[in-house]
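Everything on this sheet refers to the single structure shown next.
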Amino acid sequence: MSGAMIFIKEDLKINDTQVEVLAGILNLCALLGSLAAGRTSDYIGRRYTIVLASIIFLLGAILMGYGPSYAILMTGRCIAGIGVGFALMIAPVYSAEISSPSTRGFLTSLPELCISLGILLGYVSNYFFGKLSLKLGWRMMLGIAAIPSLALAFGILKLPESPRWLVMQGRLGDAKKIMSQVSNTKEEAETRLNDIKLAAGIDENCQEDIVKLPRKTHGEGVWKELLLKPSPSVRWILMAAIGIHFFEHATGIEAVVLYSPRIFKKAGITSKDKLLLATVGVGLTKATFILIATFFLDKIGRRRLLLTSTAGMILALTALGFSLTMVEHSQERLLWALSLSIVATYTYVAFFSIGLGPITWVYSSEIFPLKLRAQGASIGVAVNRVMNAIVSMSFISIYKTITIGGSFFMFAGIAVLAWLFFYFFLPETKGRSLEEMEILFSKNTRPRNVDSGVMSGAMLFIKDDLKINDTQVAVLAGILNVCALVGSLIAGRISDFIGRRYTIVLASIIFLVGSIIMGYGPTYAVLLTGRCIAGIGVGFALMIAPVYTAEISPPKNRGLLTSLPDIAISFGILLGYISNYILSDLRLTVGWRIMLGIAAIPSLALAIGILQMPESPRWLALQGRLDEAKKMLLKVSSSKEEAENRFRDIKVEVGIDENCTDDVVKISKQAQGEGVWKELIWKPAPTVRWILFAAIGLHFFDHATGIEAVVLYSPRIFKAAGVVKKSKLLLNTIGVGIIKTVFIFVATFRIDKTGRRPVLLGSVAGMVAALLVLATALTIVEHSEEKLTWALNLSIFATYTYVAFFSMGLGPVAWVYLSEMFPLRVRALGVGIGVGVNRLMNATVSISFIPIYKAITIGGAFYLFAGMGVLFLFFIYFFLPETKGKSLEEIEMLFAKKQKNVVGTGGATRSRDNESQLP
């Protein structure tokens with residue numbers, strides 16, 4: 001179809017939208033085919049399902065080859081799509097079920113190899129048929145696909161039926177014969193047959209040729225067991241299958257394979273013959289490297305190849321995005337950029353083909369338990385086809401909106417997330433029998449402050465005064481967050497020992513010391529030391545402030561009170577921006593030192609002020625000091641009845657009898673926090689694992705969507721947009737601080753009324769839109785020869801809009817969610833991990849933003865952040881329940897119900913019990 005579309009568009013006079021629909025309709029129909037194929041293969045067998053797939057595709061190919069009009073062409077492509085859906089689901093399942101563990105990777109990847117050979121032959125035939133007349137050429141390209149499908153329909157009848165399907169039908173005699181044919185030895189055949197019998201619920205010592213099986217083993221109730229009430233291991237398997245199929249296409253392979261002629265045309269190749277020859281190279285690369293991969297899957301293993309493959313794809317996509325951006329914005333033909341585009345495309349296809357391409361099908365065909373395999377694999381294929389359709393139908397529109405280079409930067413960003421998903425979610429399956437997979441997965445069901453505002457402006461002067469380069473500026477910006485990561489991880493344990501209140505005092509003192517050293521800062525090394533010490537204080541504060549606020553707040557206004565620390569942070573950033581502007585007129589060597597040193601004043605005030613506040617009643621209960629906890633609850637509750645109810649819930653969670661009236665009780669070491677790391681990380685309960693995953697994901701995306709780049713580097717953004725005077729740069733950054741403070745203040749009054757989840761979804765959607773506008777405006781400014789006032793104004797407006805949307809949702813809600821979701825015993829350490837991830841991402845963005853925007857342009861950097869924002873929307877929708885109005889003790893039950901009643905994509909959607917609370 002890749003080459004044929006060039007001629008179809010010209011012959012049938014169709015537009016780009018119709019081309020996109022024609023490209024994508026096959027995959028939408030394949031979605032229907034894949035879902036129907038699972039049930040069909042359980043009824044008629046794996047082999048006859050392959051025959052049926054071949055016949056359906058044959059009919060579609062004939063119709064496409066005839067294709068007198070666009071409507072008939074669409075009909076033929078849809079029918080062919082149904083056949084593709086059947087084939088994609090059943091081919092890897094059939095291969096996996098007849099293969100031995102030692103060669104399963106090789107044999108299961110053969111269908112993907114055949115697909116690649118088919119693509120190569122398609123590219124080659126396109127080149128030769130392209131020389132025929134316009135009306136005949138593309139019809140031959142499409143119609144000739146009927147020949148291999150007819151050959152497959154006859155050829156598959158000579159192959160044996162799946163022995164696992166035969167066992168599911170109770171045909172043990174037939175299964176034993178087939179097993180002896182596909183095994184290396186008689187011993188191996190007997191061992192594999194015994195494992196299959198056990199998986200099907202048959203006594204392994206049964207010697208009958210035919211047995212009657214319960215309806216459940218025939219596939220009855222499979223959807224319920226797979227989706228509605230899955231076991232933890234099945235849920236994990238389903239998430240792994242859906243995730244790997246999602247990322248296979250979300251990383252852009254369909255865009256490259258289907259639209260490679262357009263990519264090469266954008267790179268500078270204009271001749272149709274040369275375009276088709278270049279696409280032949282794509283097909284040849286794909287087929288060659290998949291062939292290589294088939295021999296390594298069973299030697300190196302799935303996981304290693306997958307991680308290496310994805311890492312290579314990230315590098316290739318980045319290079320492709322960069323080269324296409326250079327070509328697009330150059331007035332003359334750049335031969336080096338053209339060559340780099342072609343090399344990057346081939347490199348991307350090579351890395352995809354040696355890992356992600358074949359392993360996706362190997363993995364999804366082998367991980368499901370026997371009775372769930374057909375339907376489970378069909379869900380994976382359905383996700384695969386949906387993503388294939390989305391990419392193929394939207395790629396032209398996307399690259400017209402964000403440029404073709406921007407679209408590949410977006411795919412590179414998604415590939416980074418894919419690498420992280422594979423690393424944490426996919427265990428190694430090499431050498432395991434199919435019957436061992438469920439056991440394997442059951443073992444593996446784990447898978448902002450004042451300183452930011454001050455530092456933003458101070459860096460303009462520090463660079464001039466200390467004569468440091470951009471790399472040193474980036475390290476200076478990011479070191480605070482690296483040290484904050486250390487501080488946040490230490491703070492959790494300390495707060496369990498000395499209390500929440502005194503931990504805040506300690507945080508203030510540490511930050512005070514760091515500020516004084518930074519204010520002194522005679523050299524870069526001393527300045528870096530002071531910033532690191534301040535970072536440890538920031539880590540302490542970011543971890544303990546939301547925990548302390550959440551633990552003393554009643555449920556009805558916990559969102560408001562827990563977001564107050566974020567208001568204080570935003571207010572501090574605003575004061576930092578204002579002080580930068582006021583102090584900018586001082587002598588160069590004095591101004592920036594006062595900017596940094598003055599931050600010691602609020603930290604000293606906080607250290608003194610917090611001593612007048614009550615200790616957390618929940619921490620007091622953890623120490624067995626019930627009388628003091630009760631007194632504190634009476635102070636911070638609206639009524640005596642509310643205090644009694646909250647006190648009773650806390651006692652139950654700590655493990656104390658709710659009727660206990662003692663003033664002081666002895667608490668077990670476990671309840672006080674001993675062994676918490678084990679309970680939180682090494683052997684977490686399913687609910688705690690879910691909460692930890694939600695917390696880590698939320699704080700990963702909090703900074704992966706670019707807020708630190710905007711807050712810390714706003715002067716550079718405005719400078720790139722065309723503002724050159726330092727005083728005006730600082731005035732514009734004051735606008736950022738005002739917007740951030742005002743909208744966070746607005747958000748605090750909406751969180752407890754509207755709820756966390758709707759506010760978060762609306763916030764991130766607005767951020768994505770603003771980032772796209774900002775990236776487009778900055779790209780236009782960067783490549784324009786003259787000063788564009790409208791683009792400058794649009795950049796400033798988009799920056800303010802982005803900050804507003806962040807501040808009215810993601811900014812405060814991330815901290816509210818984090819502080820309230822963990823159970824009491826693991827709350828401090830759990831929040832510490834969340835803050836650790838937050839600081840790590842903060843450091844990553846602040847240290848890497850300058851190198852990134854120099855490599856891919858500042859516009860490309862914000863397109864990358866926009867891509868992250870889109871992924872974040874899906875994460876919020878599927879992983880975060882509504883917690884509004886729930887007590888801290890009820891939230892664990894909320895996550896437990898969500899975990900228990902998982903329905904839908906990725907192992908995480910809404911709980912039926914909580915349906916009324918979720919949008």
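Cβ atoms are placed via backbone N, Cα and C, with glycine included.
Here TrEMBL flags 1-430 (among others) as domain 'Major facilitator superfamily (MFS) profile'.
TrEMBL lists 437-884 (among others) with the feature domain 'Major facilitator superfamily (MFS) profile'.
For 21-41 (among others), the entry in TrEMBL reads transmembrane segment.
Taken from TrEMBL, the feature transmembrane segment applies to 78-94 (among others).
The annotation transmembrane segment is assigned in TrEMBL to 106-124 (among others).
Residues or ranges marked as transmembrane segment in TrEMBL: 136-157 (among others).
Remote same-chain residues near the transmembrane segment (309-327) are listed as 251-252, 263, 266-268, 334, 337-338, 340-341, 343-345, 347-348, 350-352, 354-356, 359, 403-409, 411-412, 415-416, 418-419, 422, 855-857, 860 (criterion: CB distance under 8 Å, separation of at least six residues from the stretch ends). Marked as transmembrane segment by TrEMBL: 309-327 (among others).
TrEMBL lists 334-356 (among others) with the feature transmembrane segment.
Per TrEMBL, transmembrane segment is recorded for 376-396 (among others).
Here the transmembrane segment (473-492) has Cβ contacts under 8 Å with residues 451, 455, 459, 462-463, 503, 507, 510, 524, 527-528, 531-540, 542-544, 712-713, 828-833, 835-836, 838-840, 842-844, 846-851 of the same chain, all six or more residues outside its ends. Among the features that TrEMBL reports, transmembrane segment is placed at 473-492 (among others).
Within the same chain, residues 448-449, 451, 475-476, 479-492, 494-495, 500-501, 503-504, 506-521, 562, 565, 596, 599, 603, 616, 815-816, 818-819, 827-828, 831-832, 835-836, 838-839 sit at least 6 positions outside the transmembrane segment (528-548) and bring their C-beta atoms closer than 8 Å to a C-beta of that stretch. Annotation comment: TrEMBL describes 528-548 (among others) as transmembrane segment.
Taken from TrEMBL, the feature transmembrane segment applies to 590-611 (among others).
Under the heading transmembrane segment, TrEMBL lists 690-714 (among others).
The transmembrane segment annotation in TrEMBL covers 800-818 (among others).
The transmembrane segment (78-94) and the transmembrane segment (800-818) are not in contact, since fewer than 3 Cβ pairs between them lie under 8 Å (pairs 6 or more apart in sequence). Through the fold, the transmembrane segment (376-396) approaches residues 16, 19-21, 23-28, 30-31, 34-39, 84-85, 88-89, 92-93, 226, 237-238, 241-242, 244-246, 248-250, 252, 254-255, 258-259, 262, 360, 364-365, 367-368, 407, 905 of its own chain, all at least 6 residues removed from its boundaries and within a Cβ separation under 8 Å. Counting same-chain residues at least six beyond the ends of the transmembrane segment (334-356), those with a Cβ under 8 angstroms from any Cβ of the stretch are 116, 247-248, 251-253, 256-257, 260, 263-264, 266-269, 278, 281-282, 285-290, 292-293, 296, 305-313, 315-317, 319-320, 322-324, 326-327, 418.
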